Amino acid sequence: MSPFTAEIIGTMLMILLGNGVVANVVLKDTKGNNSGWIVITTAWAFAVFVGVVVAGPISGAHLNPIVTLGLALVGKFAWNQVAGYVLAQLIGAMLGAFLVWLSHKDHFAATEDEGGKLACFSTGPAIRNYSSNLISEIIGTFVLIFVIFYLSGPDLSIAAAADAKIGLGSIGALPVAILVWAIGLSLGGTTGYAINPARDLGPRIVHSILYKGKSDWSYAWIPILGPIIGSSLAAICYTLLT
């Protein structure tokens, strides 16, 4: 399996399980309906764990354009591979979102709340204030990427080979899963903690195709720009400190 394919599959599994738990909690008449935020954040951490376990040994399990960007900014990842990784992550996110819809199709049909349906695909703010929402995404992403810089590296790699992939899989899946869990529990309640443009944009595109209605595109730039800024700031701080 190529790194490109690994990023597609890893991201697809992450979104299938991550957005899947949102569907299970939000959609009408599911067994997990109204089970709450703790269930969502915990299952999202497990979703990251699964994606990293599968893709880690092959691609480094970035599963997030901002992880790829951040690692490239600090010299841990080749710039000529960035575009391919980002494309793979977007494709994987779209496939995962489609599978969530397919597995919960009857429950989507039974749910009248259009906002709830959209939440099963993409993120949205608890209180819509673009400047505050942007800051929330910047801070959450900064924490994610800054810690990842210390989780990934040749000195910590579980593989001894010189060509070992650098990314979230470098020392195993558990640390980053715990990191995402902590971010969700502590910082995620404001915007739904996208902290990943592919995780938001890919499923939002799928929602737009499936429902041909409002996909809240006026908000869609927040989960893209916020993580880019957060990742860049994390790279600057990491570079200055090291």
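The backbone N, Cα and C atoms fix where each Cβ goes, and this holds for glycine too.
Remember, it's a predicted structure, so these values are computed and weren't measured experimentally.
Per TrEMBL, these features apply:
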type	residues	note
TRANSMEM	6-27	transmembrane segment
TRANSMEM	39-62	transmembrane segment
TRANSMEM	82-102	transmembrane segment
TRANSMEM	134-153	transmembrane segment
TRANSMEM	173-196	transmembrane segment
TRANSMEM	217-241	transmembrane segment
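Per-stretch counts of Cβ pairs under 8 Å to the transmembrane segment (217-241) identify 134-153 as the leading one among 6-27, 39-62, 82-102, 134-153. Under the criterion of 3 or more C-beta pairs below 8 Å, with sequence separation of 6 or more, the transmembrane segment (6-27) and the transmembrane segment (82-102) qualify as touching. Sequence-distant contacts of the transmembrane segment (134-153) (same chain, six or more residues past either end, CB-CB distance under 8 Å): 60, 66-67, 70-71, 74, 76, 125, 166-168, 170-171, 175-176, 179-180, 183, 187-188, 190-191, 193-195, 222-223, 225-227, 229-231, 233-235, 237-238. Residues 3-5, 7-16, 18-20, 23, 59, 62-65, 68-69, 72, 108, 120-121, 198-199, 201-203, 205-207, 210 of the same chain, all 6+ positions outside the transmembrane segment (82-102), place their C-beta atoms under 8 angstroms from a C-beta of that stretch.
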